[in-house]
Amino acid sequence: MSGRTSVVISIFLLILLQQIPVDIYLPSFPDMANHFSVPPKMIQETLTLYLLGFGIAPFFWGPLSDKYGRRKILLSSLVLFTLANLGCAITNSIYWMLIFRVIAGIAGGGLQISTSAMARDIATGKSLLLLSSYMSLMWAIIPIVAPVIGSHIQDSLGWRSNFYFILLWSLPILYFMLSYLPETIHEKEQLSFRTVIRRFGKLFRNTKFTFYVITTGLSFSLTIAFCTAAPFLFQKHMGLNVIQFGWLMFVVAGGYLIGVLVNSFILHYFSVERIIQGGLVTSLAAAGLMVFFAAIDVFTVLSVVGPVFLIIFSQGFIFPNAIGLAMNNLTHDFGLSSSLLTSFQMIVVGSVSQFVTSFDHSDPLPLAITMLGVVIVLCVLYILFIRFVQKT
């Protein structure tokens, strides 16, 4: 097996590992709450803390990867990730569960940084764009499939088996990396902590980059807000069984994949800015419809899932284009920029998820208002950004 082939295989295996811990155990939330005898908020915190751990990790994994090489950081992250998920599988304490989820998130952030860095190491130009498109497609597919798998695991074996499933994926991937993955970085860079902070500050002073980074974070937070609330909303209060819930998440997450595919088609006919505007308008209308249904006490699966599907579909117009525009405004520091992009996305997403945990999920209105609020913030920021660009 050639070195490039093993790296490409590694990249796709790592994307699988990064994404599955977010989605696969969502159908198990009510069962976990019963097992640990805790309120829903404590179980939702396991998702929030994973995302926050994922968010802070690139600040140190990125520079360490440049200094010590991709392979060492990747293998360290993968070992830590495996042990953290083993801890989640065997613990009988909700507090240890929360600690293990933070550790798993930090390790997952290391996997993500290594994945992005290796892609840039082995590909340039059109080959990098092609590899990135396949990576994005896999990122879109996993959230569709994972809850369905998780729902069947939960129905047959219980919540712990979701983490054993992750563990069973981690071990052969770790063996593959140890056996076949070469070092991909050509020149290691010695960066001091002060230099890293200075470069991060310089990136934040790039107004266009900062705007699009904030946009990606708020866009992704709409999906995570729904994922945080949905298990209790639909299973506990609307009476869906775990299998039905898994397929419901399949439909909702499929909205993003459809949005990405439509976006890739209409990019040939419209500007990126106009497509983002269309995504914002559609999101605003769908979120307003969701609030309207909730306010008049129309509480059905369709009245919630219909608007949410349109909101998630619209993010296929906003999220990938915002990432592309953020990176397109840079001429250097791509590694640190990618780290900052990932960190800020996950910190924003984790913060919104934390906010959603405070809700009473017997009523969809608080979730609807939150999603509408996020969309309104996105629209206001976009208007202010357009005015700034016109002035400058």
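If you go along the chain as it appears here, the first residue is 1 and each next one adds 1.
From the backbone N, Cα and C atoms, a Cβ is placed for every residue, glycine too.
TrEMBL lists 7-391 with the feature domain 'Major facilitator superfamily (MFS) profile'.
Summarising the annotation, TrEMBL assigns transmembrane segment to 43-61 (among others).
If you look up TrEMBL, you'll see 73-92 (among others) marked as transmembrane segment.
TrEMBL lists 98-116 (among others) with the feature transmembrane segment. Sequence-distant contacts of the transmembrane segment (98-116) (same chain, at least 6 residues past either end, Cβ-Cβ under 8 Å): 11, 14-15, 17-18, 21, 42, 45-47, 49-58, 61-62, 65, 70, 73-74, 76-78, 80-81, 83-85, 87-88, 91, 135, 338-339, 342-343, 346.
As annotated by TrEMBL, transmembrane segment applies to 128-150 (among others).
Distant neighbours of the transmembrane segment (162-181): 1, 6-7, 9-10, 13-14, 16-17, 20-21, 24-25, 28, 71, 74-75, 78-79, 81-82, 85-86, 88-89, 149-150, 153-154; these residues of the same chain sit at least 6 beyond its ends, with a Cβ under 8 Å from one of its Cβ atoms. Among the features that TrEMBL reports, transmembrane segment is placed at 162-181 (among others).
If one looks beyond the transmembrane segment (209-233) by at least 6 residues along the same chain, the residues whose Cβ comes under 8 Å of a Cβ in the stretch are 22-23, 26-30, 33, 40, 44, 47-48, 51, 143, 203, 245, 248-249, 252-253, 256, 283, 304, 308, 311-312, 315, 318-319, 322-323, 325-326, 329-330, 337, 340-341, 344-349, 351-353, 356-357, 359, 361-362, 364, 367, 370-371, 374-375, 377-378, 381-382, 385. Among the features that TrEMBL reports, transmembrane segment is placed at 209-233 (among others).
If one looks beyond the transmembrane segment (245-267) by at least 6 residues along the same chain, the residues whose Cβ comes under 8 Å of a Cβ in the stretch are 23, 26-27, 136-137, 140-141, 143-145, 147-152, 223, 226-227, 230-231, 234-235, 275, 279, 301, 305, 308-317, 319-321. Per TrEMBL, the feature transmembrane segment maps to 245-267 (among others).
Within its own chain, the transmembrane segment (279-302) has Cβ neighbours under 8 Å at 222, 234, 238, 240, 248, 259, 308, 310-311, 313-318, 363-365, 368-369, 371-372, 375-376, 378-379, 382, counting only residues six or more beyond its boundaries. Per TrEMBL, the feature transmembrane segment maps to 279-302 (among others).
The transmembrane segment annotation in TrEMBL covers 308-327 (among others).
Per TrEMBL, the feature transmembrane segment maps to 334-356 (among others).
What TrEMBL records for 368-389 (among others) is transmembrane segment. Long-range Cβ contacts of the transmembrane segment (368-389) within its own chain (Cβ-Cβ under 8 Å, at least 6 residues beyond either end) map to 207-208, 211, 214-215, 218-219, 221-222, 225-226, 276-277, 280, 283-284, 287-288, 290-291, 293-294, 307-308, 311, 318, 352, 355-356, 359.
On the 0 to 100 pLDDT scale, the domain 'Major facilitator superfamily (MFS) profile' (7-391) averages 86 in this prediction.
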